[in-house]
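Asks: If you scroll down you'll find the structure; I have some questions about it.
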Amino acid sequence: MTELLLTGGRVLRPDLTVERADVLVSQDSGEIVAVDEPGALDGDDELDAESGLVIPGLVNAHTHVAMTMLRGLADDKPLDAWLREDVWPVEAELTPEDIRAGAELGLVEMIRSGTTALSDMYFEVEEIAEAVDQAGMRAVLGFTAVTVGKDEEGARADLQESLDVAKRLDGAADGRIKTTFQPHSLTTVGEGYLREFVPEAFDAGLSMHFHANETRDEVTPILDERGVRPLAYAEEVGLLDGDAYVAHGVHVDESEIDLLAETDTGVAHCPASNMKLASGMAPVQDLLDAGVTVGIGTDGAASNNDLDMFDEMRDAAMLGKLAADDASAVDAGTVVEMATANGADLLGFDSGRIEAGANADLAVIDLDAPHLTPAHDLVSHLAYAVRGSDVRHTVCDGEVLMRDRTVEVFDEAAVRERAAERAAALVERAED
Ligand SMILES: N[C@@H](CCSC[C@H]1O[C@@H](n2cnc3c(=O)[nH]cnc32)[C@H](O)[C@@H]1O)C(=O)O
Ligand SMILES: [Zn+2]
């Protein structure tokens, strides 16, 4: 099988117009070969896009995919208490096998809701990489270093591991996996460690990804201690020197928005997590107006509680309007771009647009549904009305990951069962 034809549907083009067209993709190169009028192209195999809309596969710009294991375990708390009292004690009990099971579960959930690429922060990254390889998806992975509560040796080992993993796994899964150097956040990694290891990561040419300005409690201590805003501090220690994107960026002032724009530092906006943990409202329209590249992420399943990027687009649009006090802010087309082209840009993949030469990362939405009728504006539907369960097929790198809602790359029932069993045992261990 070398060429696959998505036929009979409508196609979302990079300028956000929709036209009736067929899409031909190469399974050898993993790229889109051509987009042409219905019937003009031939393939060796076909995917039926009749009464469907072909869109770029969605890009989840910030998640902790294995945290599906903690879904619904601890809700209704603010970030700091949630991490320290609930999440970290349970995460301390996670085995590599648990992380593999949680990652597979999360990837199946993503495939079923049209996501083809993710940016992940976690540990036991080899397990996550193997799951991504099997899933046939694209990912930016990394080992997240935390130094609070660790002695000097443990702290240094964490940062060294983050460097080593980023070097080791870059280019894995035939280039579908890239990596980032990942200090967890500006308050959970000590200054001395940042000053030592960040330049090393920069010299090694690594991209960087970290949590920043997520809650007010992360801003105040830095301001009090150093007299500068967190992102000014991040710049001082070299975190904005190279190719970097931060998760959240909720509590950023004008000077920090300018700094992000000047240093070409992107933001992975996580609206559901920000609402659920009551972290605050990111000034997304201001960031976009300043020229900052903003993608959308679900964050982990324990603070969302699902990995459905359609939900996330809707949340981003709604919260962006509230934050700007302006119903025209963060409009439908903008969130669709954030979840596709912008996300791909942050992750460094040539995906997120349906055009010859781009990566063949696609999803087909079934439009035959009451909640998608009538079809005045399909971009509006993508932002406000489509659900993950409306995805009929998912394709990444030219390969079919889900056909007619059957996941082809995993035994879905086995993945669910294994994750449920391991999650139950995990909680029992954590309670002992
Ligand atoms: N827990 C490990 C390494 C951290 S992995 C990345 C961490 O980010 C945590 N995390 C998940 N969501 C958020 C968030 O919104 N903000 C900050 N951290 C988060 C997640 O639970 C996980 O512990 C250690 O202490 O050595
Ligand atoms: Zn996070």
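Just so it is clear, glycine is given a Cβ too, placed from its N, Cα and C backbone atoms.
Dumping what TrEMBL says about this protein:
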type    : residues              : note
DOMAIN  : 53-400                : domain 'Amidohydrolase-related'
BINDING : H62, H64, H211, D299  : Zn(2+) binding site
BINDING : E91, H184, E214, D299 : substrate binding site
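Locate each feature and note its surroundings.
Replies: Classification of H64 (Zn(2+) binding site) by DSSP places it in coil, neither helical nor stranded. If you take the C-beta of H64 (Zn(2+) binding site) and look for same-chain residues 6 or more apart in sequence within under 8 angstroms, you find D120, M121, Y122, D299, G300.
If you take the C-beta of H184 (substrate binding site) and look for same-chain residues 6 or more apart in sequence within under 8 angstroms, you find M121, T144, A145, V146, F210, H211.
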Asks: Select, from H62, H64, E91, H211, each of the binding-site residues with a Cβ positioned under 6 A from at least one atom of ligand 1; if none does, say none.
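Replies: Close enough to ligand 1 are H64, E91, H211.
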Asks: Can you count the other CB atoms that lie within 10 A of the CB of D299 (Zn(2+) binding site)?
Replies: 29
Asks: Note the mean pLDDT of the domain 'Amidohydrolase-related' (53-400), expressed as a whole number.
Replies: 98
Asks: Cβ within 8 Å of the Zn(2+) site's Cβ centroid: which residues qualify beyond H62, H64, H211, D299?
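Replies: Along the chain, the qualifying residues are T63, M121, A247, H248, A268, C270, S273, G297, G300.
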